[in-house]
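Note sheet for the following structure.
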């Protein structure tokens, strides 16, 4: 889930689909792991924070919400930084900010200070790492992009499996302050990943000077004329309201049932372990030639599966039931994570993707700020965890129906106001084997972008 950065890579250089790209993929794997596992892993410390500061569930849930909101909502800021300084310097600064935020949080004396350090500072640092790493990944991969995105997205569950029990272990031995301090030191590894982000140069790829890239606006608001994009943005915003709620509350749910702290934290490990295999598997299946054109329907099914899992998970009354819930939630959550931006790129095309993803994430950032805190507020009022899971499942199910029905009636009709003249200006597709991103875009949209030749190097993200 990156941002709205304009790809400033060399024009006319095809993605190598390998080579140094595997090192880029490794760095992106680590960055993705830190970015998405942290908002969930810090939930292990919530009970201790509630006791120390005398606050409720909704107050602690704001920590995860602010982290996610910074990750989602700083796309335009990341765009400006990347265009001005490049990917590698921005990632180096981001790694330092993320580490500084967690170190400073270990000295906080109020929940507001935690919001500013763990939420804002660490969230901004992770955002400055996450978006540039995905830009670099997608400069190096084109035909293998679904597989690369799935493997990079697997960093989230892998790190969740490690960080959740590690956080519980650190809390037991050093308290939450010592745990935050050590986690801040671990975040310095983001700077190591930044060093791997070697720019893809035309001379290294054996390409000529190539044509001059035409000037583009940072955020192209014309994407709102595309009915398919509007439907996707609405569905994604509704989905985010409930998508992140169960992982935030499942550990506290288990502790409330009398489960020991270590076993309760193990639930996130179970969820993450299943997610490890679900994301690459979903990316591989989506990349199959006969499946890739229908990825939007697969994404809608993934959301439906996730919402239905939340509803059935609300009936869990013991530790075994929560383990089963985490298994099925991990499968559906992994499918959603691997498919969401692949589908968006298929809807809007490569040329407008950088603007479309930034606008979608800005909308989702608002939903992220509402979702977990509203669940915490409901829990404070009712003291019943089942209601929280029912609310989250209903929201994700609604998003699935919005995307499915919207796709059936609107997405295939292309942007409003498109003309046949635009269709004539579409460049021919590459004559490579398999299904490329251009073919998927052509399947889902009746008219092309019509804004010049589509770049060979995609600007998408996981």
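Cβ atoms here come from the backbone N, Cα and C positions, even for glycine.
Features as listed in TrEMBL:
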{"type": "TRANSMEM", "residues": "20-42", "note": "transmembrane segment"}
{"type": "DOMAIN", "residues": "21-410", "note": "domain 'Major facilitator superfamily (MFS) profile'"}
{"type": "TRANSMEM", "residues": "62-82", "note": "transmembrane segment"}
{"type": "TRANSMEM", "residues": "89-107", "note": "transmembrane segment"}
{"type": "TRANSMEM", "residues": "113-130", "note": "transmembrane segment"}
{"type": "TRANSMEM", "residues": "151-170", "note": "transmembrane segment"}
{"type": "TRANSMEM", "residues": "176-197", "note": "transmembrane segment"}
{"type": "TRANSMEM", "residues": "229-252", "note": "transmembrane segment"}
{"type": "TRANSMEM", "residues": "264-282", "note": "transmembrane segment"}
{"type": "TRANSMEM", "residues": "294-313", "note": "transmembrane segment"}
{"type": "TRANSMEM", "residues": "319-341", "note": "transmembrane segment"}
{"type": "TRANSMEM", "residues": "353-372", "note": "transmembrane segment"}
{"type": "TRANSMEM", "residues": "384-410", "note": "transmembrane segment"}
{"type": "REGION", "residues": "416-462", "note": "region 'Disordered'"}
{"type": "COMPBIAS", "residues": "419-456", "note": "compositional bias 'Basic and acidic residues'"}
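Against the transmembrane segment (384-410), stretch 229-252 has more CB pairs under 8 A than any other of 20-42, 89-107, 151-170, 229-252, 264-282.
Note: the stretches the transmembrane segment (113-130) and the transmembrane segment (20-42) are in contact (3+ CB pairs below 8 A, sequence gap of 6 or more). Here the transmembrane segment (294-313) has long-range neighbours at 235, 239, 242-243, 245-246, 282, 285-286, 321-322, 325, 328-329, 331-333, 335-336, 339-340, 342-343, 346-347, 389-390, 392-401, 403-404, 407, 411, 440, 444, meaning same-chain residues at least 6 beyond its ends whose C-beta is under 8 angstroms from one of its own. Using the rule of three or more Cβ pairs under 8 Å, pairs at least 6 apart in sequence, the transmembrane segment (62-82) is not in contact with the transmembrane segment (176-197). The listed stretches are 20-42, 176-197, 353-372; of these, 353-372 has the most Cβ pairs under 8 Å to the transmembrane segment (229-252).
In summary, the transmembrane segment (319-341) lies against the transmembrane segment (151-170): three or more C-beta pairs, each 6 or more positions apart in sequence, are under 8 Å. Beyond its flanks by at least six residues, the transmembrane segment (264-282) meets 37, 40-41, 43-44, 147, 150-151, 153-154, 156-161, 164-165, 167-168, 247, 250-252, 254-255, 298, 302, 322-323, 326-327, 329-335, 337-339 of its own chain at Cβ-Cβ distances under 8 Å. Put simply, of 20-42, 176-197, 353-372, the stretch with the most CB pairs closer than 8 A to the transmembrane segment (151-170) is 20-42.
Within the chain carrying the transmembrane segment (20-42), a Cβ under 8 angstroms from the stretch's Cβ atoms is held by residues 1, 63-64, 67-68, 71, 91, 98, 118, 122, 126-127, 129-130, 133-134, 136-137, 140-141, 148, 151-160, 162-164, 166-167, 183, 187, 189-190, 193-194, 196-198, 244, 247-248, 268, 272, 337, 462, all 6 or more beyond its ends.
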